[in-house]
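Taken from TrEMBL, the feature ATP binding site applies to Lys57. Taken from TrEMBL, the feature compositional bias 'Low complexity' applies to 308-317. The feature compositional bias 'Pro residues' is assigned by TrEMBL to 318-327. Residues or ranges marked as domain 'Protein kinase' by TrEMBL: 28-292. Summarising the annotation, TrEMBL assigns region 'Disordered' to 296-340.
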Amino acid sequence: MAPPPPPPPPSHEAGRAYDLLGTEIAGYRLESEIGRGGMAVVYRARDLRLDRTVALKLLAPGLARNDTFRQRFTYESRVAAAIDHPHIVPVFEAGETDGVLYIAMRFVAGQDLRVLIDRRGPLPHTTAIRIAGQVASALDAAHDHDLVHRDVKPGNILVAAGTDSDHPEHVYLTDFGLTKKSLSLTGFTTVGQFVGTLDYVAPEQISGRPVDGRCDVYSLACVVHETLTGAPPFRRDDDMALLWAHQYDAPPPLSAERPGLPAELDGVLAKALAKSPQDRYASCLRFVAALRAAAAGTGPDTHRPTRVGAGPVSPAAVEPPPPPPRWALPVFSQRESPPS
Ligand SMILES: Nc1ncnc2c1ncn2[C@@H]1O[C@H](COP(=O)(O)OP(=O)(O)OP(=O)(O)O)[C@@H](O)[C@H]1O
Ligand SMILES: [Mg+2]
């Protein structure tokens, strides 16, 4: 007798997600849906091997059929999993089961920055800069591993409770390499497929030029603009006009959209949003350092770094040592004459 046909692969397309609650996928039992984006659904799930809660992201089945996406997903999930950083969501496992790509990661109890801005409106600039600083440290760490995020946006920034009043929030960056934009802009998606937001995309991503960490500087600057004003720098009625604005229009100064912010922030945002990567800050942390200095009114050059082993120092710059105490004079007189 022929064996029974295999069960159909799990479906998590819109409207059917509730079918999956309680089911087991790759050793994880799906407990509740956390949220969904344009190409994935994220569940709170139980890791049955280790008996712990995780966030399990199931990517839309079509993506597994796209070889380029699958290869990049596998590669970038591996690299992201290898980066051990306090502000990058730890990835536990990434793989494919029944034609569905999945990624298991730490469950972050909190809200993403998208929800936070939608609920609370613009955040105080001290909070905005604190959040940006944590995202910046995660991005620079990724860049040190030659990994460019490419999709920095409020929905990929998870904000959990911090440890104390000095650290009121702990921020995690997620979703390395899972960008729909790059798929659509390079022609992988079918015409008319939902592409997701283009509010944070850097000019060089749009024109298909090679990208490096400075495209994340641009996107982070768009996020900072939104955190401070409630809206990203460019808002247009249709996608074409928005892409044009990223490429050619000057961003509006923050101070025009939210009076009362330190005026020096305008120049910092303008530099981070420069059309050409070489005109931007060289790293995300430098961008945030400039934000901090502008907000504190100290300007970019007033902080003189401590010199540690910084090479030869001119003799004129060295002050003469104080005279030795009386009890030490015999020792000094044996070596050299004590200073008069
Ligand atoms: N590790 C996690 N812990 C808790 N919640 C998470 C985690 N990862 C993602 N989420 C939540 O799941 C929701 C869906 O995430 P997803 O990445 O699919 O969508 P998105 O980033 O909002 O949009 P897009 O598809 O455009 O990237 C988000 O609202 C996010 O807050
Ligand atoms: Mg996301």
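One-based numbering along the chain as shown.
Including glycine, each Cβ sits where the backbone N, Cα and C put it.
Note that the structure is predicted; figures quoted are calculated from it, not measured.
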Original post:
For Lys57 (ATP binding site), which DSSP three-state class applies?
Top reply: strand
Subject >> Average model confidence [pLDDT] within the domain 'Protein kinase' (28-292) >> reply: 89
